[in-house]
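Participant: Provided herewith is a single structure, encoded as structure tokens, for subsequent inquiry.
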Amino acid sequence: MLWTIFLLLILVFLYSTRTRQKNEPPLDKGFIPWLGHALEFGKDAAKFLARMKDKHGDIFTVRVAGKFVTVLLDPSSFDAVMNDTVCLDFTRNRNQLRQRIFSLQLQSIKPTAERKWMELHFQGLGLSKLSGSMNSHLQNLLLSDQQGCIPSEWRQDGLFSLCYSLLFRAGYLTLFEKPDNVTAVYNEFRKFDDLLTKLARSSVKREERKMANISRERLWELLSPNWLSGGSESNCWQQSYRHFLKEEGVDAEMQKRALLLQLWTTQCNAGPTAFWLLGFLLTHPEAMEAVKSEIRGLTLRDTSLQHNPPEAHSTPVLDSVLSETLRLTAAVMIRREVVQNKILHMANGQEYHLRQGDIVCLFPFLSPQMDPQIHQEPQIFQYDRFLNDMTVKDKFYKDGKRLKYYTMPWGAGTNICVGKEFAVTAIKQFVYLLLTHLDLEMCDPEAKMPPVNPSRYGFGMLQPDGDLQVRYRLKRTQHANRI
Ligand code: HEM
């Protein structure tokens, strides 16, 4: 026993004594042995990485809980990471996270097969089927939630709850087709989602771990389709997913657990995005007026729009509002493990050696998205930032060079988000329906947007710390030219 502790101490000591070698990025180990910067990183990754960027520049290596993480913040050099599938690997980290968060092992599935299966459903013909179903569910839920209310009566709610609940439930009905337990699934999922970042960082306390386990098990049961326990099969997305898993050699228990992963992947980002988007519109009246005016213009040109909301139409203003919202609130961390020593060629000609076993991490939220050299006054919401007259603005520069990546909410390269079109369509449908069916306003006209919950940096869409109270009621006439 003593020998084991002694050996462990030597290992920790040896690992702590890592020094920067020639041509390696600046190394910042922090003061705490082994942990390094883990606490600061977990508390507010954006603040910590901004501090490191000021200190070291666009590339540096930090120690985080025993791992050495090289952070690259120069968007012109991102392709050197994203296009390398030989020295850099994304599957190990992904598998680790799946195990920690979802108690799930899907190692037998080839990542390319998984992606192909997703593309089949969320792109092309599959996409229009799902988007049509999503639109009907959104419309039905919006109207049924108002049933029993006097039309002229205002109802009050937090905007985050309103958006998350509606988009989540419509998404669940579209993909899982189980109307009997939709509210129970939503409520349980929100509890689980609140613990997600802690589970991912393995920083849950004992009580929280218990709660997470209970929640996870309850969700597995709720999501289990009737046909898993011998009931009749339906021809839905979920069933096709199960067939796919079976063919890839996944056992019945893991098939059941994988449904929670799918629920999270497909439902965790759209609701929060819609919240930020509508929140920005409500707190920026000129932006709200520009979007409403665009919707009025659409319906004047196309009277069938009432039944065919705007995804098929050109909506440059709403598109710019969505891009600007995502620029400010999409904060994914793209991580790869270095599986072979690699020389990273930066766009400015510099070369850095990356060591096998380290992690490379891109954090597009800091740059390009919040980079003042690319976007003027990056903290400010400017609804027309991505608009040239009435066309999309896609020319952005840094140091005089045009950028390929000027905002990156969907990731890029081989792992770019499979659900991008589905998500964009759903969010646009949702905003359109809400603005055309409801009178919506802030309870306090002077209210500001709530701050960001800083523990969510690195996990996709940010969520607010608190909510924005709104009141709403059904419009007397649901027609877009009355908005
Ligand atoms: C606003 C909504 C969404 C945002 C901002 C978003 C963002 C992202 C990002 C940044 C990645 C890349 C992660 C990485 O490279 O490590 C990603 C991957 C992915 N997204 Fe989304 N996503 C959204 C909605 C959706 C939806 C609705 C689906 C449902 C189909 C989806 C399915 C996926 C899948 C399957 C991947 C993994 C792709 C792969 O590894 O090949 N996403 N998403």
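Yeah, the Cβs are placed from backbone N, Cα and C, and that goes for glycine too.
Automatic prediction, not curation, is the source of TrEMBL annotations.
What you are looking at is a predicted structure, and each value in this text was computed from that prediction instead of being measured.
Okay, so TrEMBL annotates it like this:
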SIGNAL    1-19  signal peptide
BINDING   R100, L106, N269  substrate binding site
BINDING   C417  heme binding site
Participant: What number of additional C-beta atoms lies within 10 angstroms of the C-beta atom of L106 (substrate binding site)?
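Facilitator: That number is 22.
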Participant: Using only the residues recorded as binding substrate (R100, L106, N269), report the maximum Cα-Cα distance in Å, whole number please.
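Facilitator: Across R100, L106, N269, the two farthest Cα atoms sit 22 Å apart.
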Participant: So what sits near the residue listed as 'heme binding site' in its own chain, CB-to-CB under 8 Å and at least six residues off in sequence?
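Facilitator: When sequence neighbours closer than 6 are ignored, the residue listed as 'heme binding site' has W410, G411, A423 within Cβ distance under 8 Å.
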Participant: For R100 (substrate binding site), which residues of its chain lie six or more apart in sequence with Cβ-Cβ distance below 8 Å?
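Facilitator: Correct list: L199, A200, S202.
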Participant: Using CB under 6 Å from any atom of ligand 1, narrow the binding-site residues R100, L106, N269, C417 to the ones that qualify.
Facilitator: N269, C417
Participant: Have a look around N269 (substrate binding site) and count the other CB atoms within 10 A of its CB, chains all included.
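Facilitator: Other Cβ atoms within 10 Å of N269 (substrate binding site): 23.
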